[in-house]
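Colleague: I'd like to ask some things about the structure below.
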Amino acid sequence: MAVDLLLGLQWGDEGKGKIVDVLTKNYNIIARFQGGPNAGHTLVFNGKKHVLHTIPSGIFHDDATNLVGNGVVIDPVIFKGELDKLEEQDIDYRKSLLISRKAHIILPTHRLLDAASEAAKGKAKIGSTLKGIGPTYMDKTGRNGIRVGDLELSDWKERYRTLADKHESMIAFYNVDINYDLSKLEEEFFEAVDILKSLTFIDSEEYVYQAQKSGKTILAEGAQGSLLDIDFGTYPFVTSSNTTAAGACTGLGVAPNQIGEVFGIFKAYTTRVGSGPFPTELFDEDGETMGRVGHEFGATTGRRRRCGWLDLVALKYACQVNGVTQLNMMKGDVLSGFKTLKVCTAYKYKGDVIEHLPYNIEPENVEPVYTEMKGWEDDLTTMTDASQFPKELNNYINFLEKELQIPITIVSVGPDRKQTIFRK
Ligand code: IMP
C-alpha cells in the first residue's frame, strides 16, 4: 500500500492533529516523520482537549499503531510528560507506540544551547520554541548526535558526557546570561530516559517497508508547516527539519514512488508564531478578531499568534512543493461575521505583479494584492453537512478550489472531532 501524507501548508498550527485523529480510522499506522516537541497537536473529543507534542495523533484509537520515525527528535523529559498524561486517561500505549532507533535525542544542553543562541541573536532572534530543536538537528547533520538506538549501548552515558561537555563550552562561548543547574536537569533527563527505554525501539524503515508490503495502511503526520521548512520556508525564520513531503521520505525511509494521497491542511486565514515575514499580516481589528475568535495562542509555548488574511501565493507554492492531492480547510467558523473577506492572490514585487513566492517576502519587498469577497454571518459550528453552508462560504471555497486546482474535501467548523464536514 502507498503511504499517505498529511502536511501543514502554512506556518504551522493549521490543525493537523485534529484531522489525523479524524482520519485514523482509515489507517493501521500513524507515523511522525520530523520535528519534535516544538509541535503541539491539539485534539478535542468527548468535551476534552488533548495536546500531543511528539507522540502521533493516532494514539487515542485502540487499533492504530503509532510510530515515531527516524526523522523526529525526542526530548525524553517532554516525552515522559506526554506518557504520564496518557496514563492518567488510561490509554494503553505500550503496545501501540513504537520508536525508531534512528531518531535523535534532545539533551538538556541542546535546550540550553537553543536559549543561548536566541539570546545572542537579540532582535534577529528566530522566535524559537526553545525546545532544543535546532541544536539537536545540528548535531545530527554534524554527525555528533545521540540516537535512540545508542541508549541500548553500554557506553552511551560516556557519549552523553562528551557531548554535554562540548555543549557547555559552546554555551560559554555565546557569552550570554543563561542560568542553569545542569545536574538538576540531568537528574530528570536520566529518569525520563529510563522510561523511554521501557518502550519498544524498532528499525523503523524495515518496519514501514514490511507494513507496506503486507498491505497495511500508513498515514505520515507532518509537524509545523511548509513555510517553516528548512529549505523551502522563510529562511532563517524556519524550523530545522524538512516539513514538506520530501521529509516523509527521509524521515521514515519511504521511497518517493510509494507516496499516495497528500492531504494539505490550511486555515481559512493565516497565522504565524515567532519572528519572520508574513505578507498578509493584519495589525488592525480584523486581525485581533481572528486571534480572539480563533483562540490563536501556541499549543506549545502559549505565545500569541500573528493573524492575517489567506495568502494564496504562499498556499499555491506549498501545494506545488508537496504535490498536494486533497485540501482540508480548517477554522472556517472563525471567519463568520466578517462583512468582507480578503484573499491575497498576487504580490506587488519590485514594480511587477507576480503570482509566485519570491526569494524575499519581507514587507519592504512585497505588497499583497487582494481579491475581496462577501463574508457570511451564519454560525458554522453546529453544521453537520456541506448542504447547510451559506452561499458566501461556498463562494469562498469554490474560489480557492479554482485558484489552487485541488479539491477541498474536508471543511472543519470547530475544534471537536465531530465538527468535521466531508465534501464530495
Ligand atoms: P523551533 O523549531 O522551535 O526552533 O522554532 C523555529 C520557528 O518555527 C519559530 O518561529 C517557531 O515559532 C516556529 N515553530 C516551531 N514549531 C512550530 C509549530 O509546531 N507550530 C507553529 N510554529 C512553530
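In case you wondered, yes, glycine gets a Cβ from its N, Cα and C as well.
Checked TrEMBL, it gives:
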- D13: active site, proton acceptor (ACT_SITE)
- H41: active site, proton donor (ACT_SITE)
- K140: active site (ACT_SITE)
- 12-18, 40-42, R305, 331-333, 412-414: GTP binding site (BINDING)
- D13, E14, G15, K16, N38, A39, G40, H41, T129, R143, Q224, T239, R303: IMP binding site (BINDING)
- D13, G40: Mg(2+) binding site (BINDING)
- A299, T300, T301, G302, R303, R304, R305: substrate binding site (BINDING)
Colleague: Checking proximity to ligand 1 here: which binding-site residues out of T129, A299, T301 have their Cβ closer than 6 Å to it?
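Modeller: Cβ under 6 Å from ligand 1: T129.
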Colleague: Including all protein chains displayed, how many Cβ atoms other than that of G302 (substrate binding site) lie within 10 Å of its Cβ?
Modeller: 9
Colleague: Would you mind pulling the DSSP three-state label for T42 (GTP binding site)?
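Modeller: Strand, per DSSP.
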Colleague: What does the structure give for the C-alpha distance between T129 (IMP binding site) and R305 (substrate binding site)? Integer Å is fine.
Modeller: 13
Colleague: Want to know which recorded positions, from K140, Q224, A299, T301, G302, R304, are within 10 Å of G12 (GTP binding site) at Cα; which are they?
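Modeller: Of everything listed, what lies within 10 Å of G12 (GTP binding site) (Cα to Cα) is Q224.
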Colleague: Out of K140, Q224, T301, which of these recorded positions is nearest the residue listed as 'active site, proton donor' by C-alpha distance?
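Modeller: Checked the recorded positions K140, Q224, T301; minimum Cα distance to the residue listed as 'active site, proton donor' goes to Q224.
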Colleague: Using only C-alpha positions, which one of D13, G40, Q224, G332 is spatially nearest R304 (substrate binding site)? These are the recorded positions in the record.
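Modeller: Minimum Cα distance from R304 (substrate binding site) across D13, G40, Q224, G332 lands on D13.
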Colleague: Between the recorded positions H41, R303, R305, where is the Cβ count within 10 Å the lowest?
Modeller: R303
Colleague: Among all protein chains shown, how many Cβ atoms are found within 10 Å of the Cβ of R304 (substrate binding site), not counting that one?
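Modeller: Excluding its own Cβ, the number within 10 Å is 12.
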Colleague: In sequence order, which same-chain residues at least six apart have a C-beta under 8 angstroms from T42 (GTP binding site)?
Modeller: G15, G17, K18, K49, H50, V51, A299, P415
Colleague: Hey, what's the widest CA-to-CA gap across D13, E14, G15, K16, N38, A39, G40, H41, T129, R143, Q224, T239, R303, the IMP contacts in the record, in Å?
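Modeller: For the residues that bind IMP, the greatest Cα distance is 33 Å.
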Colleague: Go through the recorded positions D13, T300, T301, R305, G332, V413 and tell me which ones have a CA within 10 A of the CA of G40 (IMP binding site).
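Modeller: If one measures from the Cα of G40 (IMP binding site), the recorded positions that come within 10 Å are D13, T300, T301.
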Colleague: On a count of neighbouring CB atoms within 10 A, which of the binding-site residues G12, G15, G332 is highest?
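Modeller: Within the set of binding-site residues, the most crowded position is G12.
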Colleague: Can you tell which of A299, V413 has the most other C-beta atoms within 10 Å, given these are the binding-site residues?
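Modeller: Counting Cβ neighbours within 10 Å, the top one is V413.
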